[in-house]
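Note sheet for the following structure.
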Amino acid sequence: MIGVFDSGVGGLTILKSIHKKLPEYSTIYLGDNARAPYGDLSQEQITAYTWEGVRFLFESGCSLVVLACNTASAQALQTIQQEYLRPDSGKKVLGIIRPTVEAMSELGQERGNLVTNEVTKLPQIKALGIFATQATVDSEIYLDEFKDQKSELEIYQQACPGWVMMIENGEDKNKALEIIKADIDKLFSQNSTIDAVLLACTHYPFFHDQVVQSLPAGIKVFDQGDLVADKLVDYIKRHTEINDQLDRTSKRQFFTTGKAEHVSKVAETIVGEKIDFEHIDLNAESR
């Protein structure tokens, strides 16, 4: 099975795209809602919490785990891949930042879709604004990854404290407008010629309409869902040793460390369908 891990409900935006691109693949989703948000935690805490979640997903039958959380991908992925995963385990943990950067670096180029064989022309942009958590911004991982891709994009980052918990708490979207507008103003004070923004936290697409409403006219807004899902399709097609382990019975399971009833209600507003979460406890001592 494919495991999808996030600090909360934001990763459902990635999972929804995975289900759209790979509907036959069984998935397990785990949100660490009880300890969200991760954006204000230390790297040590983020790594420990993320590894606990990954272990749970492995023990639940997943061979491939996607960290559908930019903060976890930025702060924990490398340590997990290099220090915690045994080379002979046959299991993989993937982040979502590199595939996002690869996709964004292709802007202005033609991109083929391995599923539909369609070729699309992606829009050209010059200056990209990135909305992310404080931990992701501080890591500078997006700056490093775009540099590695030899991208000519100018990159500007803006931390958005408070966005994640407004979503986790199920607060009214329109009440968030003032905070969203303030963060947009801070971003554009860095460069007024930004012509596209990336919502580089999987929670943020929940505010997609409010972001569009608050941006200057003509600014493109990119979510990570389809970008990451397309790259995942490419990955499993190239790695048959992983693909052969993945169950294809379209089974769906949802777990949370938070209050299952509340998380289920918030999740429904994000994906537009009823989801029943089951509560679990995650900590190193009990596992």
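Glycine residues also receive a Cβ, built from the backbone N, Cα and C atoms like all the rest.
According to TrEMBL, the features are:
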| type | residues | note |
| --- | --- | --- |
| ACT_SITE | C69 | active site, proton donor/acceptor |
| ACT_SITE | C201 | active site, proton donor/acceptor |
| BINDING | D6, S7, Y38, G39, N70, T71, T202, H203 | substrate binding site |
Express in Å, rounded to the nearest integer, the largest CA to CA distance found among the substrate-binding residues D6, S7, Y38, G39, N70, T71, T202, H203 named in the record. 12
Pairwise CA distance, C201 (active site, proton donor/acceptor) versus S7 (substrate binding site), rounded so that it is a whole Å: 11
Pairwise Cα distance for S7 (substrate binding site)/C69 (active site, proton donor/acceptor) [Å, integer]: 7
Sort the binding-site residues Y38, G39, T202 by C-alpha distance from C69 (active site, proton donor/acceptor) and give me just the closest. T202
Least Cβ-packed of the active-site residues C69, C201 (other Cβ atoms within 10 Å) is C201
Around the substrate site formed by D6, S7, Y38, G39, N70, T71, T202, H203, list the extra residues of the same chain whose Cβ is within 8 Å of the site's Cβ centroid. G8, G10, G11, A36, P37, C69, A72, T133, T136, V164, C201
Does T202 (substrate binding site) have same-chain partners at least 6 apart in sequence with Cβ under 8 Å from its own Cβ, and which are they? D6, G10, G11, L12, T13, I14, A68, C69, N70, I96, Q224, G225
Protein Cβ atoms within 10 Å of N70 (substrate binding site), excluding its own: 33
